[in-house]
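What follows is a set of notes on a single structure, which appears directly below.
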Amino acid sequence: MDERLFTFAGLINPNHDFIIGFHTLLVAVILLILARYATHKMQVVPSGIQNVFEFIISGIISFAKDIVGEQVARKYFPLAATIAFLVFFGNAIGIIPGFEAPTSSWSFTLVLALVVFFYYHFEGIRAQGVLKYFKHFMGPVWWLAPLMFPVEIISHFSRIISLSFRLFGNIKGDDMFLLVMLMLAPWIVPVAPFAILTFMALLQAFVFMILTYVYIHGAVVVDEEH
């Protein structure tokens with residue numbers, strides 16, 4: 001018998017796809033409400049939730065520009081930050097008893113990985129042109145092309161698996177960890193495990209965001225040696 005955590009959505013429909021879809025929609029609504037609230041009455045001197053969001057935004061851009069440069073960090077911030085917030089809240093909602101993290105479903109993480117995969121290729125082709133972009137797949141010298149091209153293709157497709165399974169595996173493991181802790185101490189609020197899971201939720205969102213930036217940077221920045 002499949003042992004599953006209780007969820008409020010499961011009371012409506014026990015189907016797993018419905019539960020994941022319900023929590024995905026819930027996370028999206030929460031993000032929209034927060035974004036609306038933060039930008040409803042914007043002030044020159046920020047305060048409250050506007051101050052929190054501006055601190056987070058400036059922190060993300062500041063960190064990303066050290067890795068991919070300021071131009072890429074700012075230009076692709078909307079996509080990278082949206083994914084980061086979606087992943088974080090998608091992870092964090094599963095920590096609350098009665099809710100399930102949509103990121104614990106491989107279908108959810110696969111969609112995010114595919115969005116990043118197709119987007120960075122699209123941006124790479126738009127920035128460099130089709131021929132020049134795929135020329136980078138051929139290697140530094142023409143006679144290495146038969147070897148380098150399939151290696152590059154496999155490398156790029158492996159990013160889909162890497163992005164989706166890393167997030168899925170970690171959050172699925174967190175769910176099992178939470179299940180075990182609640183079985184061992186159902187009447188005691190496990191503060192330490194919840195703190196660990198919150199940190200892991202933040203870490204996974206950060207990793208996904210940085211990899212998104214790195215993949216886009218690798219696609220759009222022209223290598224002068226080629």
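Don't overthink the numbers, they just go from 1 along the chain as shown.
Cβ coordinates are placed from backbone N, Cα and C, and glycine is handled just like the others.
What Swiss-Prot records for 18-38, 44-64, 79-99, 105-125, 137-157, 177-197, 202-222 is transmembrane segment, and it gives sequence analysis as the kind of evidence.
Per-stretch counts of Cβ pairs under 8 Å to the transmembrane segment (44-64) identify 18-38 as the leading one among 18-38, 105-125, 137-157, 202-222.
Residues 7, 9-10, 12, 49-50, 52-53, 85-86, 89-90, 93-94, 99-102, 104-105, 107-108 of the same chain, all 6+ positions outside the transmembrane segment (18-38), place their C-beta atoms under 8 angstroms from a C-beta of that stretch.
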